[in-house]
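Per TrEMBL, these features apply:
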type    : residues                                                       : note
BINDING : Gly105, Trp106, Thr107, Gly108, Thr109, Gly110, Lys111, Thr112 : ATP binding site
DOMAIN  : 276-330                                                        : domain 'Torsin-1A C-terminal'
SIGNAL  : 1-19                                                           : signal peptide
Amino acid sequence: MKLMNAAVFFILGPTLTPALDPLSTSVFMGGAAVAWQLLSPHSWLKCSLLECCNMKDTLNLSVIKMDLDRKVFGQHLATQIVLRALNANMHFKRPRKPLVMSFHGWTGTGKTFVSSIIAENLYQLNIPRQRFVHHFSTVLHFPHLSRVHLYKEQLQNWIRGNVSACPRSLFIFSEMDQMPHGLIDSIMPFLGYHEEIDGVYYGKAIFIFLNNAGGDKVTEIALDYWRRQKRREEIPVKKLQSLLAEEIFRNRDSGFFHSQLIQKNLIDYFIPFLPLEYKHVKECVRQELHVQGHPQDEDLIAEIALAMTDYPSEERLYSSKGCKTVASRVSLSI
């Protein structure tokens, strides 16, 4: 009805304008153009002023690469895989299945941060479209084991409804290590190779799972390479991904314990987030000083980073909390 009214407005516009002076005519027609843009479902003006789902993919991979390179420290494996995954998915106008990525690593290594960078860059004009980014916290949204059947139904309805509204929807599941067993399998139908399900196409949706489970395995492999005097850059990605898949499938605390998502190979990428070394924590401290508006004090940077590098107890090579507490430590130290 709105579009019909706008169309009538444009048809009648030329017949009305002769009675107006040139300035009024310009204002009148300018207002008509703005009205038309706001009424159009996917106009550039509406998308810049209001939240809308633009079907055209506008993710600039060079921009997201720059963000990852500048803001994420010590995660060359993760950033490489993420960029490769996004590039492959965006290459197709109509992907055969949704992009499904599972992030694994210790707390504070950048899993949530990388997912937020993806969300910020996913929609037009680099303006986060919060309506189309859906973040599920296990502790907040699925707290009661006795209600798993209800959660399954709610989760299916939520995904179905939001993908219907915006095919390029982003779903982020945090605290997967606390997810009730079997719950995540309820979304399995949406992650497979289907043209459509009940008239809804899911191939452009993106699913990201954030999981502390598997972090010990990633750290174990990184530490082994260090002890053998090998660089962490030499860790083979494919082998690590395979070990991660096996680890979380057997791990009761992973959220993917005996999950059909793994059995049916519906998770496209198992992405390892390596433990952060002293030099990486220093970069986190340096960035936090900048964010808080403080001068770059190298002695303070070294002091905070050294205090946070605590694992293993003998070598003190990694930070067991990553960069999780850097902001509070900087605030207390200034």
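Each residue, glycine too, has its Cβ placed from N, Cα and C.
Heads up, TrEMBL stuff is auto-annotated, nobody curated it.
Here the structure is a predicted model, which means the values were calculated and not measured.
Taking the mean position of the Cβ atoms of Gly105, Trp106, Thr107, Gly108, Thr109, Gly110, Lys111, Thr112 as the ATP site, the remaining same-chain residues with a Cβ inside 8 Å of that point are Phe103, Phe113, Asn212, Gly215, Phe273, Gly322, Lys324.
The residues of the domain 'Torsin-1A C-terminal' (276-330), classed with DSSP into helix (H, G, I), strand (E, B) and coil, number 30 helix, 3 strand, 22 coil.
Taking the binding-site residues Thr107, Thr109, Thr112 in turn and counting surrounding C-beta atoms within 10 angstroms, the largest count is reached at Thr109.
Note on the domain 'Torsin-1A C-terminal' (276-330): its mean pLDDT in the predicted model is 96. When the binding-site residues Gly105, Gly108, Gly110 are scored by other C-beta atoms within 10 Å, Gly105 scores highest. The Cβ neighbour count for Lys111 (ATP binding site), using a 10 Å radius and every protein chain shown, is 27.
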